[in-house]
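One structure is given below, encoded as structure tokens.
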Amino acid sequence: MDKTPSVAENQHPFWPQDLSIPNYVANDRSMAEILTFLFSVSGMLLVGTWALTGREVAGGRLTAARRLVLCWFTVCGFIHGVIEGWFSLYYPIIPSDQSFLSQLWKEYSKGDSRYVIADNFTVCMETVTAMLWGPLSVWTVLAFLYNRPNRFVLQLIVSLGQLYGAVLYFYTEHRDGYAHSQLGHPLYFWFYFVFMNTLWIVIPLLLIWDSWCQLSAAQSASDAAVAGGKTKEE
């Protein structure tokens, strides 16, 4: 992995400003390059999934709402499995590493410096996310495409895991007094830290409710069928 000479340990863009990061090397790629990559890949996955799900799949055609859900899980598979997977593997060297995904994490760390100091919570949370919610997100997409009976169970499990991780993510930083970001900064705090992570609260909540309704309806239909069978036997 490419290395360049490191800067003095306190010359960094992270908060708190007196944070010691001895091996930190400043990014040689711009914020625009990094964000363009992230949103371009996510956009291509959204467009590709939307096109794929527009065709007739097992069980018939999917509704527009269901297609959007599958677009969400496809992007989740990429972010959890690839981007967060990178962090879970290389967190010890990210401050000094100049690989593209390491630079992406250094850029994001301007909104949450816990990622450049390998904070215990972020390492554990991101490792679980990469190992479980990444592969399970892809499985969820396939389950809907092939009309598998476990599709809403998978949706529920992944969404609960995402919601739990996001709540802990915000709550642990709240207890630290938002010390790892420039509080109130329009880009680093409100966009990187608040907006991008709030998505993993709002959307999973909607999908948990959707799964609840679908599974409850299925159980009600099963109960009615059992009750109808008993009545006939009598």
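Cβ atoms are placed via backbone N, Cα and C, with glycine included.
Any TrEMBL annotation is an automated prediction that lacks curation.
Annotated features, as they stand in TrEMBL:
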- 65-208: domain 'EXPERA' (DOMAIN)
- 34-52: transmembrane segment (TRANSMEM)
- 64-83: transmembrane segment (TRANSMEM)
- 128-146: transmembrane segment (TRANSMEM)
- 153-172: transmembrane segment (TRANSMEM)
- 187-209: transmembrane segment (TRANSMEM)
What are the DSSP helix, strand and coil residue counts for the domain 'EXPERA' (65-208)? 110 helix, 0 strand, 34 coil
Leading stretch by Cβ pairs under 8 Å, where the reference is the transmembrane segment (187-209) and the options are 64-83, 128-146, 153-172: 153-172
Sequence-remote contacts (6 or more beyond its ends) of the transmembrane segment (64-83), Cβ cut-off under 8 Å? 38, 41-42, 45-46, 48-50, 53-54, 101, 104, 129-130, 133-135, 137-138, 140-141, 144-145, 155, 158, 162, 203, 207, 210
Spatial neighbours of the transmembrane segment (34-52) far in sequence, C-beta under 8 Å, 6+ residues away: 27, 67-68, 70-71, 74-75, 78-79, 83, 100, 103-104, 107, 141, 145
Which whole-number mean pLDDT does the model give the domain 'EXPERA' (65-208)? 97
